[in-house]
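These notes are about the structure you will find just below.
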């Protein structure tokens, strides 16, 4: 089947335990780390479309926009300076994720979450009180560091705390919080844009302190994962925590497997060198390609610049923010669909269905814009046409929100063995942030030059990523996180990179239990 990609998770161990209220609560609290990332994704595009903000920090952009009488809707908002401000946060997050990898491994997952929340809070304070561009950029750098720490630690924490059969659902709560953060930011922008006096942008930026405070305070009360406790020498505490989160005392088998994984992990002195070994080729490839492809769906472009996009297709300034709110609602609702289905239908099914949906929608959106704007970028589109375009984009957003959105964080966080897990997640975050930065920086120039062809550009990439999933990603649902090596070993392509006498931990493989 599809290059050997199908794999029945039921042939691996099924540890005793249930979804306890304690584990559900801790995962929800930890997942609030996604709020800071989502809030920033949503707030940036709205604030950079507010004239008072542009007048204060980017007067040249403001003058260009107000003086521009061109009706070319493709190049109207092309400003490298403005996109550099928006996307600079993601370079800071990229660098921070590597430091966060070390902190997460040595000090624990919850400490990284705490650090991320505190640093993001400081960035929100700087941005809210910014007097000049220097303060604004300094705040963005701190925000980026906070995002890097949170995005590195939260998905790993969720995957380690969750029982295997509920791991997809609980891990996706991180993406749910990202979408909620985006929606809240869009609502905030919609409200602050109406503030008389031109200081609404300060409120939008300063309110980022609220999600930062939530994850900061929440992380103080979170327990650390059994995996992390064992890895740091707290074996008794890890056993007690495992019993508590599984809701049963019958955890000896899972505990022994965690200890074995930890012992192997401690033999690895240089995880960054170890992750390059041939036996980890599959995990490394997936950890790089999935976040790479996630950015080439074009979704972050829409969320960054939703107000700009809708202004471009004929909506007024307030209407464009309102449209962004609509997209935010669709994003949240569709993520709930993913949470409800990921552990039933599996990761591959959602990836492929969502990818097909996005591919079709990109073609339709590109064609609709081509019909009205052609290559000149000049048109007066009727309201019904713009509304139809919004509806198609909403279908596209739904496809992303129940596939590449949450799965882009879930799959990389569950595929690595303990000894390279923190390093692997750091790679995922850094690749994600690098291409988030690159796409954000290049999007407006690409729109100006490729015009409606930009949507066909993303459609081609969605087609390619569907092929990658179909042939090269095995199914990982219901597989215990420390038994994941069996999945790669049984894959017809990736199995050739693993020696017959060892699994990915370099030891004799577990005997699968039926």
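Glycine is no exception: its Cβ is also placed from the backbone N, Cα and C atoms.
No curator has checked TrEMBL annotations; they are predicted automatically.
Per TrEMBL, the features are as follows:
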- 21-39: transmembrane segment (TRANSMEM)
- 26-477: domain 'Major facilitator superfamily (MFS) profile' (DOMAIN)
- 81-104: transmembrane segment (TRANSMEM)
- 111-130: transmembrane segment (TRANSMEM)
- 136-158: transmembrane segment (TRANSMEM)
- 170-188: transmembrane segment (TRANSMEM)
- 200-222: transmembrane segment (TRANSMEM)
- 284-308: transmembrane segment (TRANSMEM)
- 320-342: transmembrane segment (TRANSMEM)
- 354-373: transmembrane segment (TRANSMEM)
- 385-405: transmembrane segment (TRANSMEM)
- 426-447: transmembrane segment (TRANSMEM)
- 453-473: transmembrane segment (TRANSMEM)
Contact between the transmembrane segment (426-447) and the transmembrane segment (111-130) is defined here as three or more C-beta pairs under 8 Å separated by at least 6 residues; is that satisfied?
no
Can you tell me which of 136-158, 200-222, 385-405, 426-447 gets the most C-beta pairs within less than 8 Å of the transmembrane segment (320-342)?
385-405
Interface present between the transmembrane segment (21-39) and the transmembrane segment (136-158) (three or more C-beta pairs under 8 A)
yes
